[in-house]
Amino acid sequence: MAGVSSFRRTLFRAARGALAGLLAAFTALAVAELVAGLVRPAAGPVTVVGGAVIDRTPAAVKDFAIRTFGENDKTVLQLGILAILALIAIGLGILALSHRRIGAAGVLLFGVIGAAAAFGRPDSRGLGDVLPSIAGAVAGAGVLYLLASKALPAPAPVGEAGQSDALSWDRRGFLTAAGATAAAAITAGALGRFFTSRQSQGAVASREALVLPKPSSPAPALPAGVQLKVPGITAFTTPNRDFYRVDTALTVPKVDAGTWRLWIHGKGVTRPRTYTLDQLLARPLIERDITLTCVSNEVGGPYIGNARWLGVPLADLLKEAGVVPPSRGGKADQLVARSVDGMTLGSPVEDVMDGRDAMLAVGMNGEPLPFDHGFPVRMLVPGLYGYVSACKWITDIELTTFDAYDPYWVKRKWARKAPIKTQSRIDTPKPFARPAAGIVTVAGVAWAQRRGITRVQIRIDDGPWQDADLAAQAGTDTWRQWTYRWNATPGGHNLTVRATDGTGQVQTEQRTRTIPDGASGWHSVFVTVS
Ligand SMILES: Nc1nc2c(c(=O)[nH]1)N[C@H]1C(S)=C(S)[C@@H](COP(=O)(O)O)O[C@H]1N2
Ligand SMILES: [Mo]
């Protein structure tokens, strides 16, 4: 029996250590949250460490994360960070029972890691950003030091040696201290949340108050029949709430439209200028239907959407600033857009100024941009993948050269230039569907922004390519729907689609990965007809 009770004693002791460690970590995070709420919400430790992890994740792993977790990839990352922190906290807590100073020092070390992560983020504002991590770590270290001392047996009075059984430690003292710590940490965390939400309230109010002006150049009316009436086909216009979201932001920037500024400057800019939102809104606005696509979209993937955007023609702003495209002797061939969270995206100046509807968008499907999609202003360049054109929360445009500067994704092995590849996708039937024999409606979308879609073909198994029926084409910058009436026979069948763009180029069969400049290859779907 002696063995069992000593085992239980060890277990109780370890549990006390674990609890002390977890409470220390919880306190550290809560205090950091509170300080971040006062200084800058984006400088909270989980956000900065997560951001640092994202910045350093190899392109292949990032691709895997997007593929596997989709738009939940950030939640998975944050939960992962919290789980690792919890494990380390338990370890440090148990260690602190025998080595109080070392345990507390371990917590401090995490503050240093958080501070370093904050300092190294592209949007770092310097020393203020390290405060949350440092303050949290100091509080956490203090809590661990205190709780560890209370979790130990009181020193045995002289003459009563050997009495240190599981009950001789000051149980009430430990539990009181643990309870008080938890209460204080919860209060600190709640206050932090409160301050954070108060900071974003200004931005929310500025968005609600924003009345979008009428475009001086409205979108051409959509031809009848751009939207096929086929169950299961993608909507021609993607509602804002369904529009895909791809970015590195762990906390979505909440920018106050009233204090927002855009600076245009750099090589060949003879008249650098800063704009307010009101100044942009006072200019002639264009409204266009444009399909936006992510370079990380796999063949058949979901990272594509089409919206009606309202914005300021970007080429006009550049001309006013004195910018001349390279083809007419301009010095800058790359336009680098920078967002409030430090993201940088580079587009060819030539493309932006070649007459296409490149814009600084303020409206999306009739409302101000949602925060997720870049409020108050984002850039859009039809025909280019999002990572080389579609800067959300934009605040700075710098004219430079491709030789002089590599933006965020290019530093991470993605291509400097990335025009959108011709692609097509089968939306219905779904993979592994079991339609009944007879007429089955196959339908989907195809896109080749700037070039348009002139033909879509379907192949059943290894049969000949058959023309699909095309829906009306809204414009060359939007996707186009198509449908094919298939006389399905029982058994397993493979359906494959390919598109031809407006230049006559047939979508290539050659499969490539998304890295470095977008996936190519044909989409196919396997179904079993019953
Ligand atoms: N500030 C910022 N802008 C950004 C990104 C980002 O990570 N940060 N991602 C880009 C990428 S890769 C794409 S595909 C589009 C996606 O825009 P959406 O989220 O509105 O669909 O935004 C682009 N703009
Ligand atoms: Mo993207």
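Backbone N, Cα and C define each Cβ position, glycine as well.
Quantities reported herein were computed from a predicted structural model and do not represent experimental measurements.
Among the features that TrEMBL reports, domain 'Oxidoreductase molybdopterin-binding' is placed at 250-404. On the 0 to 100 pLDDT scale, the domain 'Oxidoreductase molybdopterin-binding' (250-404) averages 97 in the predicted structure.
Residues 14, 17-22, 24-25, 29, 46, 49-50, 53-54, 65, 69, 102-103, 106-107, 110, 144, 147-148, 250 of the same chain lie 6+ residues outside the transmembrane segment (76-95) yet bring a C-beta within less than 8 angstroms of a C-beta in it. As annotated by TrEMBL, transmembrane segment applies to 76-95 (among others).
Outside the transmembrane segment (102-119), and at least 6 residues removed from its termini, the chain residues within Cβ reach (under 8 Å) are 21, 24-25, 28, 32, 43, 45, 48-49, 51-52, 85, 88, 92-93, 95-96, 126, 129-130, 132-134, 136-138, 140-142, 144-145, 148. Per TrEMBL, the feature transmembrane segment maps to 102-119 (among others).
Non-local neighbours of the transmembrane segment (131-152) in the same chain are 13, 16-17, 19-21, 23-25, 27-33, 35-36, 39, 43-45, 48, 92-93, 96-97, 100-101, 103-105, 107-115, 117-118, 169-170, 173-174, 177-178, 181; each lies 6+ residues outside the stretch with a CB under 8 Å from one of its CB atoms. Residues or ranges marked as transmembrane segment in TrEMBL: 131-152 (among others).
Per TrEMBL, transmembrane segment is recorded for 173-195 (among others). The list of residues near the transmembrane segment (173-195) in space but at least 6 beyond its ends in sequence, with Cβ under 8 angstroms from a Cβ of it, reads 16, 19-20, 23, 26-27, 29-38, 44, 143, 146-147, 150-151.
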